[in-house]
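Below you'll find the structure, written out as structure tokens, and then a few comments.
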Amino acid sequence: MAVLLMRLMLQTTKLDHNLIGRCLQRHAVKPDPTQLSLSASTPKLLYLTSAKGFSTAGDPQGERKQKRRDAFSNTGRKISERIIRVLDEKGMDLGMMHRADVIRLMNKQNLRLVQRNTSSEPPEYQLMTGEQIHQERLKLREQEKAKPKTGPTMTKELVFSSNIGQHDLDTKSKQIQQWIEKKYHVQVTIKRRKDAEQSEEETEEIFNQILQTMPDIATFSSRPKAIRGGTASMCVFRHLSKKEEKAYRESQESQRRDTLSKDDDGNSKESDVVCQ
């Protein structure tokens with residue numbers, strides 16, 4: 001009897017499992033074709049995302065080109081503002097004009113339009129010839145070259161003995177002058193002779209002799225001083241500032257006028273003596 005009950009329970013369990021499996025197969029969710037198409041297109045989206053790496057938005061070279069165009073360029077007929085202030089090719093103010101009138105004037109006189117002051121209200125433009133634009137760009141380049149370069153000043157060093165010969169000293173002086181003309185600072189160290197006593201005044205005279213070869217471009221950045229326990233002397237030469245160059249030229253001109261004045265006075269006294 002117990003065996004029959006066990007068989008009936010096993011058969012019932014098998015039937016239950018079969019029914020559950022059939023129900024799952026009937027209600028199984030099939031994949032949506034639209035979802036498959038979206039997943040297939042995913043690589044294209046990734047490709048578009050990676051393409052941002054080729055953008056020139058953060059490219060320094062692109063920024064330099066943009067700055068160069070903005071510095072002084074021909075606007076052409078792409079005038080973004082409706083009303084602008086216009087100057088003619090001679091710099092005369094033509095007043096406020098509509099951009100359509102400006103374009104007609106450009107075509108009539110064969111001129112180009114250049115931005116002068118975009119911060120003003122309304123913005124200021126000027127009509128110019130191609131040659132004028134070229135000359136203005138050359139001026140801008142010269143101004144950029146004339147601007148002092150920021151950054152630490154480079155220092156050149158030169159060391160020699162106090163018993164240097166005159167020919168060698170002249171050669172050293174020329175080398176120092178070349179460095180000074182390139183706006184370098186030049187540190188010069190003179191070692192004193194070991195076999196003889198030598199005063200600081202003697203080594204300082206050598207420094208002054210070097211300076212006298214280039215009084216119009218150089219001066220002391222730091223005056224001569226004893227170093228290494230008095231066994232050597234050192235100073236630093238630098239280029240004259242704009243103010244110092246101007247003062248030097250004025251002093252030279254004043255000396256020249258004084259010399260001419262003395263010569264004239266001497267000539268007049270001699271003529272008086274001859275007449276007597």
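Just so it is clear, glycine is given a Cβ too, placed from its N, Cα and C backbone atoms.
Note: TrEMBL annotation is automatic and uncurated.
These come from TrEMBL:
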type   : residues : note
DOMAIN : 76-143   : domain 'Translation initiation factor 3 N-terminal'
DOMAIN : 155-234  : domain 'Translation initiation factor 3 C-terminal'
REGION : 244-276  : region 'Disordered'
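The average pLDDT computed for the domain 'Translation initiation factor 3 N-terminal' (76-143) is 86. Sorting the domain 'Translation initiation factor 3 N-terminal' (76-143) by DSSP state (H, G, I as helix; E, B as strand; all else coil) yields 25 helix, 22 strand, 21 coil.
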